[in-house]
Each structure stands twice: as C-alpha cells, then as structure tokens.
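> Swiss-Prot feature annotations, pasted as is:
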BINDING   487, 493  Mg(2+) binding site
DOMAIN    554-613  domain 'KH'
DOMAIN    623-691  domain 'S1 motif'
C-alpha cells in the first residue's frame, strides 16, 4: 500500500495524518504530527473472531510516552521505560471513554489501541494528537465503529475568550483546561478543571470545542475515503424476542417491584433470586436457551424497567424525585491523631477522607517528558472491595482509582492556597468505605472538609455532585445524585464540582447521540442547585478553615537570609546544615534567593533550628549588648565570641575604668561576659567594650 497523507489546519496548528508507511501489519495505523512539535504513532488491532468465553467487549487502550521522544534516557537502574505513569494511565482513559460507546452493541471481538509518543518538543500535551490518531486508525481499520470522533483542548481567558489547543505556557495563564471529544453531531466526553467559571462559560467551552473539532472529523473521513480497508462483515446475533417476551411476561412485574426496594443489598438479593428463578425456568434442558442467554435477557428487562419507570415520572429506585439529593451525614475531626479528617456520607455512599501535611521534601517527584517536576499536592482515592460488600483483589491502585483520584484532585486544587502563603506539601487520601454511586464526588466533599479541618487556608469550600440522564425517544429525565444502578442503566454520567461562586471541575461521559444543548443546560442547572444545597450543609459543620494547624502537624517557619550567607548556613560539604538538622530534628529547605523553610515535628524543634540559623547569619549591631564567651586572651586584650563564628576584640583599655595591668587579672578563657559593640570596620572586625556596658544599660540600650 502506498502511503496516504492528509494535512489540515486545526486552530493555530497544522496537523498531518499519514498511513501506509509504518506499522503496516496492524489492522489500522496512523502517524499524527502536529506542527512538527508532537508526533504520535497510533495502531489498532482487532481480533477477527470473538472469544466465546468473554461476556463483555474486550477493548484496551494503551498510551505510552517514550523518553527518546524528548531526547532523554530513562532514569533508574534499568534505563528503560517501566510501568505506565499516572499521566499515561489518565490519557489512556481519556482516549477510551469517547470511543467505547461507538462500537456496536453485541460486538465482542478484542480490540487493542496503542498510542506511542515518538517525538515531542515539550511545548504541547500529546494527548489530543493521540486521540485524533485513534479516531483515524479506527476509521481506516475496517473494524465496526460508528465514528470518526474529533477531540480538542480548550483554554479560557477572561479578556480573550476561548483558545483552541493551547500550549503549556498558554494553559498556565488560563482559568480553564478542558478536553472535549465527540462525533460530528454529538459530544461524548468532557474532562476539565477550572477556576470557578460559571455554568454558561463551561457549556460555551464544550460547544466551542465541538464546533472546532469538526475539522478533525472531516480530515479523518477524507483519509478513510482513500486508505480505509473493507468494513468487516459483522452482524450482531439475532435477538430472541420470543424469549424476551416470555421472561418479561413471567417476571416483569416482580422486577419492577424489586426496583422499589431502597436498600441496595436487599434489592440485589431480591433481583438475584428472580434471576435464578428465570434461569431455572427457561434454561437447563436440551433445546432450551443457555443460562448465559437467559441472564442477558433478564438484564435487558432490568434495563428497560428502570428506564421506563424514570421517564414516565415514577419515583426513582430509592423513592426520590429527579432533583433530590440523598440524606447527608457530615463529620470532621473523626481521627484523633491525623492532621485533618472528615467522614462524608451521602445515602449509601461514604468516604473517610484524611489530609496530611508534610515538608517540601515530601512533594511527589515526577519524571515527565517535559523534565522533572515536584508536585506539592496529592489526592489518592482507594476503592476497597468491602465498600460494595464483596471480596476482591487488594493491591496497587487500578486505572479507575487513578482516574477518580485525579477528578477529585482537579475539583479542589484551584481552591488551595498559593505555595508562598502555605508552603506545606499536602496529601489527601479518600478511603471509600461504602459505595452506591458517585464516590468520586463524595471524595471531593470529604477532601474539602478534611483540608479545612487540617487548617489549610482554603479559598472556598468545594462540593461535587453526579448527574445522570435517561432518554427514551423524545422523553428524558435528568437525575440529581445518581445511584450506582442509575449510572449503569442510564445514558450519561455528568459530574460537576465547584464552590458557591463557580465550577472547578466538570467530567462528562455520554453513551448515546442526541444530547442537546438544552439537556446539558438543565443538567448544569440542577447540578448547581444540588451543589449549593450540599455546600450549605457542609458549612453548618465547618464553614471555613481552622485558624490553627493540628497539634499533630509539623510546624513550619519561613524566613529569609542574605544570599551571600547561604554558604555559611550550608557549610563545607553541607556539614553545618546537616548538623543543625540532626541536632534539632528539624528539616530545612534553602532556595537560591535566600528563602528558608524550616519544618519541625514540634514547635520547639523548628524554633531551635531558626535560632541556629539566625546565629550563623546575624551581624553584630553597633551599640548592642551581647553576652559573649572569652575565647582567647592576648597581651593587648581579649577576643570574645558574641555570635556563631564572630569574635570581637576587647582592648585592654576597654576592660575596666580602673587601670588593668594584665588581662588575666580581669578575665579568664571560657568566662561569659557582657560586651558592648563599639564599631565594625569595613573588614568586618568588631571592636568591643566591657567597661561601657553599665553606662549603655543606664541609657536604655
């Protein structure tokens, strides 16, 4: 196959799509280049036959950043890329979310997407190029796929408005970082963080991105017209409508009644009984459908029952209307020895959230393509199997946990104080102890509460809410505070977090076409109403950050010294600062501008380290009285140490008003004496007096 190349303009960037030159044995492969800044190779491979043992669609997306792309060699002993970084995992999820709903229902063939960043100038994030490449590779592969999709990143400046596909530099000055993906007529995915933008500004960004990425969809279609392989001859299995009707006639009413049981465990137990009865009645004998087929149809009946009840105005599964938030129970300071803690319960979803303060050295070190960075804020989300009453694998964080943790982090990050105001490293951990929908938004509320409990000076409290949608034909219902079942059986997962003033994070995943601007407006409006309700209840428990840090938190003291004194504090080979840290049990961070941060496990430790540094950096003040120690006696006087590393001379004539024949008649080495600084010459030599101390004290020095 001869290479096919398509070039198009996408906002301020020129994008080139090339296929037919690299990775030709993959089902589909596209090399995407954006402005010669970023190059990503995207491959798609699809299995021709489905694995009959799998009852799900085995799609996997792998985004990987090669260090050679930025002209770097990996750190570490083995000098090769290891397990995926958090950034790679999050980008893999970002690509997966908009493409997954576009594979046809019933398609069970394994599909693997691999996006490899092979070149970057480190000016822009390669994730949009990877998403465009995924769309193009799927479009030319012949695999059944209802695309193509487009994707775009949007920034926002109050003065200039929306900006398409900003650079890292432009993004740093923006109050919005939003990624949007979708088809020519529908938005499928939104991921964003913002600095208290209004709902209208957020919706405007979504619509702006959708309009702009039509250029991507047009270019992908043109590439596919020239380079696409024949579409696979795949058809979904025929549905057994007779079996569906029979099971529904027998169990439909019981299923509907089962979905009125408000307690999740009881509801699941009852529906499990009904499912087992259906399997026993309609399968097992020769010539009857398999148990798997009966279970699938029973699941279809559950799906339709819940949806029809909701769009026809019946109460939801737990008896609520579409706008009511589940009952809240909020506690702070629940763990006595932690720095800050909160227990946030919303219905059957519960998060135990803990905030910990650390020193600058506790910051997360990130080795990225753009270089090494230090991240002073971490938010980790844990979802143990007991939270849903199950046994399961325990171990490191999975993709879902990483994704939920990042969403919660985005939600509260904009409200954290600046590093120069509050220079602590902050780690928040959300332990999901019960789950029935929207645990990530419970983590947002709990994180805000725990941070305020810890005394972190938050700009404003933050709350989050998950919205859902059920749409049948022209009928639709937007649901506030969705349950796990409503998330699973609905058409949209729409999470909004923010303050009373504006939105700080918006995440949206849509499973169907036809989500209109009107529906998104309604969802944002209901989310605002719910968010204000939750914030009101949170503020009754703790309305603002505590004025003092927890007694268990490290004490931090900030100070500044002259830059030419830095070497004195550090000492030869770091000996001085190391000695201070070891002796006071404090940790000390010194910046090139002379800024010093001292962290002590106790206030006494931090104060002791501060005094040591002041002693090293202090200058002798003329006219000030010091208590010094006689270091050395000579014929013409005595050298007295008044500050660490600083000795002054008391001339024999300055020892006493009476005549002194020998210095040793008045002083001895090691003796402590009060001395007055008379002068410091331009060479730093200090002239001291003992005889003038009394007069200086009398005059009020």
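Keep in mind that glycine also has a Cβ here, set from the backbone N, Cα and C atoms.
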> Among 487, 493, all listed as binding-site residues, which has the most CB atoms within 10 Å of its CB?
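Result for the most crowded candidate: 493.
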> Tell me, by DSSP, whether residue 493 (Mg(2+) binding site) is helix, strand or coil?
strand
> Using DSSP, what is the helix/strand/coil residue split across the domain 'S1 motif' (623-691)?
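Computed counts for the domain 'S1 motif' (623-691) are 6 helix, 36 strand, 27 coil.
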> Mean pLDDT for the domain 'KH' (554-613), rounded to an integer?
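A mean pLDDT of 87 is what the predicted model shows over the domain 'KH' (554-613).
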